[in-house]
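The FAD binding site annotation in Swiss-Prot covers 13, 32, 40, 41, 51, 102, 365.
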């Protein structure tokens with residue numbers, strides 16, 4: 001039986017949910033409070049100079065792969081154009097109702113009553129079988145509670161409201177916090193400000209946005225199927241050594257900004273166990289003295305003077321808080337403080353599959369769109385009755401196991417409570433969906449085997465089989481992508497694996513069975 005489903009938000013996750021649910025024939029209505037699709041990428045919502053920190057291959061949906069023949073980091077405008085093509089190709093926009101804000105979603109028996117408010121203020125109610133929340137993380141800006149901040153007389157904004165660096169021309173500016181957008185914003189402001197200070201509580205792990213495949217281990221450590229499994233099976237004590245191998249070539253570099261990056265990476269701890277900022281743009285202005293970092297945090301404010309925990313102080317005219325966002329679902333009665341309290345970070349066990357949260361998982365590597373797409377594929381199967389959620393007890397058991405795993409794996413940055421390992425999470429969801437790719441033998445399909453094991457874990461591999469497969473086009477994409485690993489390494493691995501299997505077969509137990 002086909003369901004009537006309400007989707008809240010037409011951002012990257014909402015678009016994925018529309019596509020996967022309509023693939024199963026469900027009737028979908030997506031309410032978007034803005035006048036256009038794209039969420040944070042909507043026109044006028046973010047600064048124009050934005051470039052993605054995730055490559056085109058991990059920001060594109062598996063059923064509409066990039067047309068470029070090489071790795072690229074799309075600009076905001078380029079990504080919006082990709083989304084436009086996606087919506088047009090699958091006729092998705094007919095399901096979106098713009099300028100309509102969901103003000104309340106309430107469960108009544110086995111139905112949901114959704115109240116929406118139009119741009120003119122008119123309110124209407126509709127009934128649905130399911131509600132899918134795709135409103136995203138970026139709803140309620142978070143700012144720290146700092147002593148004396150209320151007495152500061154200068155300008156205070158959150159990165160959510162940043163549009164143009166010229167607003168800070170000639171001013172003494174302090175940026176607080178570091179993420180991908182903060183690296184861009186701080187760098188831009190430093191070009192025009194009289195002084196630009198960057199306040200951080202601790203040294204962050206920062207990886208380059210642009211990199212050569214063969215030269216930078218950040219590309220393969222956790223995005224390759226093979227290396228992900230090898231690295232994550234090692235004891236945590238080995239991970240610092242792996243990180244050292246990454247930064248040692250930078251700390252000895254003649255290039256000052258590379259040397260600074262290496263020093264920060266060294267001081268931040270194993271990058272495998274924390275959120276990583278994938279944007280090194282900041283290190284050039286730091287090396288040039290345009291950005292002055294203060295590591296340790298803010299003690300208090302006295303008027304327009306900021307006093308840091310290391311005892312130093314600075315006079316400033318403006319503050320830009322790049323300090324993230326709070327979870328916010330004002331239209332729901334359910335209170336959610338941490339997404340790790342949900343089954344697969346999607347479902348509230350006590351509510352079941354009629355309420356889903358899509359796109360609230362943050363992969364340490366890889367992009368949110370492909371994860372939201374995988375979540376939506378599972379949701380679509382649940383809606384169609386092809387799959388069903390585990391028992392309440394089993395869901396709670398999985399929630400606890402997953403939470404313990406992610407808290408241990410990313411213990412250096414516990415405040416990023418939605419962080420997951422891309423490869424592990426995608427595989428776990430693929431098993432639920434039934435689209436986990438089977439690695440072929442060397443005899444059956446040697447080229448595909450090499451690409452699956454040794455190249456990044458592209459979303460296309462989850463279209464080789466399972467519901468709504470695109471076997472031929474997915475295989476073509478995978479086998480035509482250049483090798484990340486070298487052929488000598490690949491051959492060495494395959495020989496070692498074959499030897500291991502041979503030795504296992506020739507074990508004493510097997511020999512005894514053969515003698516019988």
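Each Cβ is built from the backbone N, Cα and C atoms, and glycine gets one as well.
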Worksheet item: Ranked by the number of other Cβ atoms within 10 Å of their own Cβ, which of the binding-site residues 13, 365 ranks first?
Response: 13
Discussion item. Looking only at 13, 32, 40, 41, 51, 102, 365, which the record lists for FAD, tell me the maximum pairwise CA distance in angstrom.
Written reply: 32
Worksheet entry | Where residue 51 (FAD binding site) sits in the secondary structure, as DSSP reduces it to three classes | strand
Response to the item:
Smallest number of other CB atoms within 10 Å: among the binding-site residues 40, 102, that is 40
Worksheet item: So, in DSSP terms, is residue 102 (FAD binding site) helix, strand, or coil?
Response: strand
